[in-house]
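Q: Pulled these from TrEMBL:
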{"type": "TRANSMEM", "residues": "7-23", "note": "transmembrane segment"}
{"type": "DOMAIN", "residues": "64-514", "note": "domain 'Glycoside hydrolase family 9'"}
{"type": "ACT_SITE", "residues": "His442", "note": "active site"}
{"type": "ACT_SITE", "residues": "Asp493", "note": "active site"}
{"type": "ACT_SITE", "residues": "Glu502", "note": "active site"}
Amino acid sequence: MQEEQEILAVCCWLGWVCSFYFGQFNMTFSLFSCLLFLLSVFSTLSHSLTPHSHHHPHSVTHNYRDALTKSILFFEGQRSGKLPSNQRMSWRRDSALSDGSAMNVDLVGGYYDAGDNVKFGFPMAFTTTMLSWSVIEFGGVMKGELQNAREAIRWGTDYLLKATAHPDTIYVQVGDAEKDHACWERPEDMDTPRSVFKVDKNNPGSDVAAETAAALAAASLAFKKTDPAYSKTLVRRAIRVFQFADKYRGSYSNGLKSVVCPFYCSYSGYQDELLWGAAWLHKATKNPMYLNYIKANGQTLGAADSDNTFGWDNKHVGARILLSKEFLVRKVQSLHDYKGHADNFICSVIPGSSSSRFTPGGLLFKMGDSNMQYVTSTSFILLAYAKYLTKAHVVVNCGGTTVTPKRLRAIAKKQVDYLLGENPLKMSYMVGYGPRFPRRIHHRGSSLPSIGVHPGKIQCSAGFSVMNSESPNPNTLVGAVVGGPDLNDRFPDERSDYEQSEPATYINAPLVGSLAYLAHSSGQL
């Protein structure tokens, strides 16, 4: 502000000189010359006095391609089971090689959801669905990263196929969360019980089952061209699992409350997953029975609910956006209402709407615990919906305000840019990206010395001395996106602060699609 006042003062003085000097001559010529003179002086002064980056934030171009590579690499750091020969996150080793043996089933593989060593089926399935959706929408521009993205999906689907191998049964968790959390140890050293938990006819779990069906159906589309046989296996299993979810209705949080709550309790119920699962099966199979199911059950399953938070628990928003695509792009007229339902969500996250909160630095803020998952999922939704609107040549109307696809892309880009470092702390919330990023993330394997450095076993409680220390993590979990800053853009970078410092697979999964789009649109891919 002070610089602008100085410029104005100089120009006023020059203007007085001009009027006095040129006033002696031809008036028209003098005013014209004076104006040109003033403009050139003002331009020169403003350029020299104004820091370039301060007034031109849009000149900062992130390396979205690098961020994309890292966002996918992260999943290798979360792998459970026997690691492949092409494993790039080399500080990780084989772990949990007897998972499932407690129930005489093979449950080796899959992902650890976050910074602990439990395999939770509910968020793992959602992660797989969102990785698949990222590839379905933006895989065409991923270039060399497309194969890595598909491998990340396959690590999830191979496990989900094992978890659903027995009809009317889904193995939904491996590991006792309470006992696991009482230790701070590497997955390679685990000695806590690898208890196995399932849902079946007697203890239903429509939420986890329908999400698993969604994951298998979405993934079948991601592999349709490159591995048609695997794609068919996935879609056949998705059909069977969805039938089980719909026939034996109930929330898995009821029968498994002491096991899955409060970690991945199904707070939103199972209706959203049934609608979401049906939407993916409709997309994957083109079988009219799923469209009929959606038409008959959409309202009772909450299609018009105003719960505008999209994440591992609540899928209503995702279902609305996915079904609105069928109306907008495929011209399925019977799904007309979903355009309105989708628009309601879009209007709820536009800056300035009464239902959206943003930090002073501009980050969408939904809740204090792992807020970045809502940032990444919402950004993906905005970019996907912008794509559908563009194809259909339509816009969103928010209470008389027209919101264009271009505006949606700009909002999504701003959120991703904040995540990558355009924020008050000038910190990237993706580990390994940019000059400044979280160094003390809440993640057991990353925080303890690797087996390559420390081959000896680190006992259950011995790791807590490291967890409570101020030392940076010795292993870089490249690409991990943490829970993020608080409502006031503050981030302490403390390992004990799991709400802000813990990464999770479902934070990264939708970000993969957004980064692919941004890398392509900025000419990096």
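Using the three backbone atoms N, Cα and C, a Cβ is placed for every residue, glycine included.
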Q: If you draw a 10 Å sphere around the Cβ of Asp493 (active site), how many other Cβ atoms fall inside it, taking every protein chain shown into account?
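A: There are 18 of them.
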Q: Check the active-site residues His442, Glu502 for other C-beta atoms within 10 angstroms of each C-beta and report the one with the most.
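A: Checking each of His442, Glu502, the winner is His442.
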Q: Do you know offhand how many angstrom separate Asp493 (active site) and Glu502 (active site) by C-alpha?
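A: On Cα coordinates alone, these residues lie 10 Å apart.
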Q: Quick check for the class: what is the C-alpha distance, in angstrom and rounded, between His442 (active site) and Glu502 (active site)?
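A: Pair distance, Cα basis, whole Å: 5 Å.
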